[in-house]
Amino acid sequence: MSFFGLDCVRKKEREVERKIRANDREYNSTFKYATNSIKTSKYNPFTFLPLNLFEQFQRIANAYFLILLILQVIPAISSLSWFTTVVPLVLVLSVTAAKDAIDDINRHRSDRKVNNRKVNILINGKLTSDKWMNVQVGDIIKLENNQFVTADLLLLSSSEPLNLVYIETAELDGETNLKVKQSLTVTGDMGEDLGALGSFNGEVCCEPPNNRLDRFTGTLTFDTQKHSLDNERVLLRGCTLRNTDWCFGLVLFAGPETKLMQNCGKSTFKRTSIDRLMNVLVLFIFGLLALMCIILAVGNGIWENQTGSEFNNFLPREENTAFSAFLTFWSYIIILNTVVPISLYVSMEVIRLGNSYYINWDRNMYHARSDTPAEARTTTLNEELGQIKYVFSDKTGTLTQNIMTFNKCSINGKSYGDVYQQYSGERLEITEETTPVDFSFNPLADPKFLFYDHSLIEAVKLELPDVQAFFRLLALCHTVMAEEKKEGHLVYQAQSPDEGALVTAARNFGFVFRSRSPETITIEEMGMQRSYELLAILDFNNVRKRMSVIVRSPEGKLSLYCKGADTIIYERLHPSCRKLMEATTDHLNEFAGEGLRTLVLAYKNIDEDYFSEWKQRHHESSVALEDREEKLDELYEEIEKNMMLIGATAIEDKLQDGVALTIEQLAKAEIKIWVLTGDKQETAENIGYSCNLLREEMNDVFTVAAHSPEEVRQELRDARLKMKPSTEPNKFLVPEVILGNTPKLVQDESVEGEYGLVINGHSLAFALESGMELEFLRTACMCKTVICCRVTPLQKAQVVELVKKYKKAVTLAIGDGANDVSMIKAAHIGVGISGQEGMQAVLSSDFSFAQFRFLQRLLLVHGRWSYLRMCKFLRYFFYKNFTFTFVHFWYAFFCGFSAQTVYDEGFITLYNLVYTALPVLGMSLFDQDVNAGWSLEFPQLYVPGQLSQYFSKRAFMMCVLHSCYSSLMIFFVPYAATYDTARADGTEGADYQSFALITQTCLTVTVCVQLGLDLSYWTVVNHLFVWGSLGMFFILTFTMYTDGLFRIRPSSFAFVGTARNCLNQPNVWLTVALTALLCVLPVVAHRFFSCQIAPTINDKVRNKMREMKEPAPRPRHPRLTRRSTRRSGYAFSHAQGYGDLVTSRRFLRRPATSRSTAFNSAGRSPGFKPTGRSAGYSPVGREQNPKQKVEPTSLQKFRTVIDSSF
């Protein structure tokens, strides 16, 4: 591997297939597979200086100044000292090199930290602790619980039954729920026998390294038997081992060849839009400089021929006029070089550094709970934050906390979860001050669970049959695994967070799931332990949208419990439930309107004889070789009919604080948000509605879920034609000419109404193909919101690259996991959230903070200010330097094109360094058109940045024209004012030195007045810099023009006495004032009429600020709710296959040991307080009326008739 790191691995022949022999390093080394060492750094001590200088001189300006330096050491053409260029050039190169060195040192440290992690490697039959970097392909390594997977491994054996392991894949796909992997039986039998593992010599033949996370194909040959390998046998680097004491694995891919690293994408050098524009403008400036020098050189040649001969007696010169013109050309190249001052790049780096510190110091972006401040991890991209058009966001851990909470429920037509005022009956908003339900009566309750409606716990304690049936179903109908390491301390391992929330709710309300085996489920009902026989699990899949369990109660009663989407369950209910369905539907609409995820619960009592016959048919279908899935689905449909409705649950997938408001603010700023997630479509859609990315008010939300390229293309075309029927095939493509290249751009197309697009992973794979990518992009860009589901990390990067390629827009990617790294690297700006999924995203990002809500402040405040300041800086910097340089140009026509400077050499040296440096830096670091509060109140202020209105080619040309006009005034007004004049004492008033000083003074005063006009926000620092710079000009001018300095170095301080003799004349000050007034008058007039006739959004907001004469309003935080009838995104992000896992003895943990000693003779837990009507419980502290009669509901009466007691 070379010093360039991952992306420059030494080229070798393309690998067609990989052959590995276990425990045979000598054999495997012949294939030259990559080691497990990771290298992301760019330099080493020997290559740093040449490589870094090579990279820096690729910047056109740096190369230009190097050429200029070479010219200045040639005496024949240089009229300026060489050190005026070499000092700033060395300074720029040194500062940039130091910053690059620090960044690379940090990368080296990160590499060492990962490479030096320890792992147990099996060598010669013994386990040896060694570094990750020393692991090789073909090694057998041992992993222990909660360890990161070292490399891509073939699972050999584990501590769990049936050689299962449980892994968390948050670093790969963002999902925190556990995944199950299982080894082959032939390797699993070796267990942890080091002798057997050490002598294992199986040979693996598999696919070459690739980035497909969801696919693996290969074979294992062992003892002359060949065994098939698939993705279920492989552990990928980046996963974490969970709930598994140990496992052994064979290294298949190491280091940069692992699937995680193959998905990381390339680290590219990011440059801002302004940087790219600057390269174009610098080329234009070079052309302008060359043109001016050619004109002056030609003028010199003409002047030498016509007039120069008259001066030969006084000033001998080169007789060859052509050679004289040639030398003059290069002399003016040096004199006029200030059109591209090197101080420009130094100043830009200082401004970016200062604005980066503002982000680091912003207390409003500090997350106190995790003690995490915002951090600008790069100092070169600040102004790019003010031009973002597309935001690509991960979902899990970025928009959401990945925490599901049981929020509300409906039981037998009654809604629970809201809090009402005791006397008025008014519904109250739940806040941190609201008193939660006290679950202290239940010693097994989860202390983190919060619920605020006391009436539900009262109903539980009253032992209402409906409520008990509700929670009994939640405690039984699931695939959760329970772990109880110590008495009363339960830990649930749920395959999806939805199920975990439901089972935890049942646990707190007295129906505690304790343990399970393949045949039984043990729960504790109100302190009484009961064991149900598990007869069947009717598993969930995306078509069924429901799951059921069939259990036999301790009393011998057979029951089916079912939960699923309301539309699916309603079709399978008994006709007698119609009235209850209406009430439950009202509650479901209310829940969905609040963005909650809903499930409907139902049950059915089953006849014993019927079930025996059904079970026999089920067994026959489950072993059928043909149409197995279809036959099982028919059986499930048959038994899941005529069920009785119990109620519904409402789960909140907790968004991060302020997500909905942030998205609303960004939408007002015309920023489009695309969600790229590895989650299921239903889950992603639901979050889209919860955070108002998708809204019920949208005209339509298109779903693309086809399985072939033709179908995907047709669905995209249908969606586009529905949004805009009159679209033409190729009209949306416009050529963009940049430096001779003509890439095609997809222009924005306006549509009437708002639309959303949801596309899943396999459809996206077709949509990203070269023949269809423009169709996809065109359709997606018409939509207000785009959500891509089940996407791989590489697909995330491909979507970002697609937008970057065909849209003239700045992109930002934000995520919190390793699966977001490729997307973060691909975007113009990468933002990492330091969340639950490690620090990989943060380490690869340009900016980082702890919460998604800080994104609005990063963009709408810091980004907008940084962009505005940088644009003002560039406009002003070019103005003052073009004005300075053009005066030289006009003066050349009056000095015989002799390359004489119009200014004193000391002024030339100090103009950019002292006289004008600090005022423009003060403006670029402290200026703000409106403060942070108003910036957040009016997100529309962000739009001009997206359109590059503050600095563009047009703005640059206006700046050039403004400078040309100002230079004409600065040269010709003093020229006219001093021409053929005399001082009060009768002496000549038009000498060269006096004219130079007057011109210098006019220029300095004019550019300071212009800066004052450009400043929107005067601070003490700005006053100090502006007035201090003017004062410094006069102080240094008088100092340098004194007799003392002239005596010390006459050649450098030739303007002796000029300041004293010139600046005491009133007409000089009148000339300075008149020149400054004439220079700024057009600017003032233009701004006045523009503000009156066509005011910008900035003008309108500033006028509003002046009218209110009050501090900016605090940002509003409205409670965002939506009223909707949509409930298709039900709360069940489950994966198919877990039912089979549970019933086939492949469960997460071994069955918990018997805890019969935890119960007294009555069967109740000793810590369980008495419940029921006799307990006298009242949530409001009033005594329960012992004679109060509870009127049975209609459903209870019906159940009594059919004897459906639970």
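Using the three backbone atoms N, Cα and C, a Cβ is placed for every residue, glycine included.
Marked as ATP binding site by TrEMBL: ASP394, LYS395, THR396, GLU499, PHE540, LYS563, ARG597, THR677, GLY678, ASP679, ARG790, LYS796, ASN819, ASP820.
According to TrEMBL, the feature Mg(2+) binding site maps to ASP394, THR396, ASP816, ASP820.
As annotated by TrEMBL, compositional bias 'Basic residues' applies to 1114-1126.
The region 'Disordered' feature in TrEMBL is assigned to 1107-1128 (among others).
Per TrEMBL, the feature region 'Disordered' maps to 1152-1206 (among others).
The transmembrane segment annotation in TrEMBL covers 83-102 (among others).
Summarising the annotation, TrEMBL assigns transmembrane segment to 280-303 (among others).
Among the features that TrEMBL reports, transmembrane segment is placed at 323-346 (among others).
Taken from TrEMBL, the feature transmembrane segment covers 873-894 (among others).
Taken from TrEMBL, the feature transmembrane segment covers 906-926 (among others).
Per TrEMBL, the feature transmembrane segment maps to 955-977 (among others).
When Cβ-Cβ distances below 8 Å are used as the criterion, the transmembrane segment (1024-1046) is approached by residues 904, 906-907, 910, 914-919, 921-922, 997, 1000-1001, 1004-1005, 1008, 1011-1012, 1052-1060 of the same chain, each at least six residues removed from its ends. Summarising the annotation, TrEMBL assigns transmembrane segment to 1024-1046 (among others).
For the transmembrane segment (1067-1089), same-chain residues at least 6 beyond its ends with a Cβ under 8 Å from one of its own Cβ atoms are 962, 965-966, 969-970, 973-974, 977-978, 981, 998, 1001-1002, 1005-1006, 1009-1010, 1013. For 1067-1089 (among others), the entry in TrEMBL reads transmembrane segment.
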Inset, instruction - Report, as numbers and ranges, every residue of the chain located at least six residues beyond the transmembrane segment (955-977) whose Cβ falls under 8 Å of a Cβ in that stretch; write 'none' if there are none. - result: 281, 284, 288, 871, 875, 878-879, 882-887, 889-891, 894, 902, 949, 995, 998-999, 1002-1003, 1006, 1010, 1067, 1070-1071, 1074-1075, 1078-1079, 1082-1083
Inset, instruction - Determine which residues of the chain contact the transmembrane segment (906-926) at the Cβ level, with the cut-off under 8 Å and only residues 6 or more beyond its ends counted. - result: 80, 84, 338, 341, 343, 347, 350-351, 354-355, 869-870, 872-873, 876-877, 880-881, 884, 996, 1000, 1004, 1007-1008, 1011, 1014-1015, 1017, 1019, 1021-1022, 1024-1026, 1028-1029, 1032-1033, 1036-1037, 1040, 1052-1053
Legend entry - Rounded to the nearest Å - Cα separation of PHE540 (ATP binding site) and ASP816 (Mg(2+) binding site): 29
Inset, instruction - Just give me the nearest neighbour of ASP816 (Mg(2+) binding site) among the binding-site residues ASP394, ARG597, GLY678, ARG790, Cα to Cα. - result: ASP394
Inset, instruction - Would you mind checking how many other C-beta atoms are within 10 angstroms of the C-beta on GLY678 (ATP binding site)? - result: 28
Inset, instruction - Please determine which of the binding-site residues listed here (ARG597, ARG790) has the lowest count of neighbouring CB atoms within 10 Å. - result: ARG790
Inset, instruction - Write down the Cα-Cα distance for ASP820 (Mg(2+) binding site) and ASP394 (ATP binding site), rounded and given in Å. - result: 7
Inset, instruction - Taking only the Cα atoms, work out how far ARG597 (ATP binding site) lies from ASP820 (Mg(2+) binding site), in Å, as a whole number. - result: 26
Inset, instruction - Specify the count of other C-beta atoms within 10 Å of the C-beta of ASP394 (ATP binding site). - result: 30
Legend entry - Rounded Cα-Cα span from ASP820 (Mg(2+) binding site) to ARG790 (ATP binding site), Å: 13
Legend entry - Sparsest-packed of the listed binding-site residues (PHE540, ASP816, ASN819, ASP820) - C-beta count within 10 angstroms: PHE540
